[in-house]
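Q: Structure in structure tokens, see below.
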Ligand SMILES: CCC(=O)NCCS(=O)(=O)O
């Protein structure tokens, strides 16, 4: 039996799963999102150049990806430290930090933030979407990718001895590219050897999550230990959602706090409100999936920090939980979503 078995691996070492407490399963504390810059709407170029003023904050909420400076979360470590202290005060215990290779993972900063704040931080192994894969990554075999991912969990990543405790977020586009397919297979192979949690970023198409599950399953992955992220912007039809839920992955609603009329990466998508997200959770709970739901904010741009008038990492604990209770989700079910499900997912087999 491995020393990881029955434990959760944080950036400060192994911990007993009961120590985690309330857990956000999909956040970023330091990263860059330059890979996904989207030009501003015509006529808005000037605002986009100079957005960090009070009168521009609404524009930034609507167009977060159209301002280069907004994409540099790695410049805000001080503000993030304050946020994590506030998160602890609000009753938070753990954050899963989903930054993988391609969007500037910074393990020493994660370790320092965990030390400074007392929040457990679990770091992610593996690769983000194809557009961030280097030519060298694209040339790698599945076996080589598997070895790298395993090493990031067992020995440490990016030339450090800081170990990842989860594989992901593994990025996929739609359609899924050849390089992403190799990374998905490597993820499944690594998971088979390690018995570890996996988390996936699906492309923006309602059929993407099921296609990913198919690829992982074919490669031997454990779907019951896998989180499918971003369902709030991916599957909208109740019937399709239940079909997907039957496949057995964790179901993640992780864009709480995001307000956006036009979702630039897919204009077909109407980004839901937080009330609609809570409604989706209540529906899944009613259908018997309370053991499978996990939640987060997926903070990945500066404007979502409280420093810039954003909702911050405590929004779910402070505002969404009361709304969940108001909409018929019981305290026991809330505790499953925030404590028991993340704990079960994050514990190595
Ligand atoms: C790195 C953060 C990330 O991938 N967030 C998801 C954004 S979106 O695909 O839901 O727009």
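Note: Cβ is positioned from N, Cα and C throughout, glycine not excepted.
No curator has checked TrEMBL annotations; they are predicted automatically.
Not measured: the values here are computed from a predicted model.
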Q: Per TrEMBL, which one of 169, 259, 268 shares the divalent metal cation 2 site with 201, 230?
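A: Among 169, 259, 268, only 169 appears alongside 201, 230 as divalent metal cation 2-binding in TrEMBL.
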Q: Per TrEMBL, which of 290, 291, 298 sits in the divalent metal cation 1 site along with 26, 28, 169?
A: 298
Q: Between residue 26 (divalent metal cation 1 binding site) and residue 230 (divalent metal cation 2 binding site), how many Å separate their Cα atoms?
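A: About 9 Å separate the Cα atoms of these two residues.
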Q: Around the divalent metal cation 1 site formed by 26, 28, 169, 298, list the extra residues of the same chain whose Cβ is within 8 Å of the site's Cβ centroid.
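A: Nearby residues not in the site list: 27, 96, 97, 98, 99, 201, 229, 254, 296, 299, 300.
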Q: May I ask which of the binding-site residues 26, 201, 230, 298 have a CB within less than 6 Å of any atom of ligand 1, listed in sequence order?
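A: Cβ < 6 Å from ligand 1, in sequence order: 201, 230, 298.
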Q: By the count of other Cβ atoms within 10 Å, pick out the sparsest of the binding-site residues 26, 28, 201.
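A: 201, out of the binding-site residues 26, 28, 201, has the fewest neighbouring Cβ atoms within 10 Å.
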Q: Tell me which of the binding-site residues 28, 169, 298 ends up closest to residue 230 (divalent metal cation 2 binding site) in space, Cα to Cα.
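A: Of the binding-site residues 28, 169, 298, 298 has its Cα closest to that of residue 230 (divalent metal cation 2 binding site).
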Q: Under a three-state reduction of DSSP output, how is residue 201 (divalent metal cation 2 binding site) classified: helix, strand, or coil?
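A: Residue 201 (divalent metal cation 2 binding site) sits in a strand per DSSP.
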Q: For divalent metal cation 2, what surrounds 169, 201, 230 with a Cβ no more than 8 Å from their Cβ centroid?
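A: Neighbours found: 26, 98, 168, 170, 171, 199, 200, 202, 229, 254, 298.
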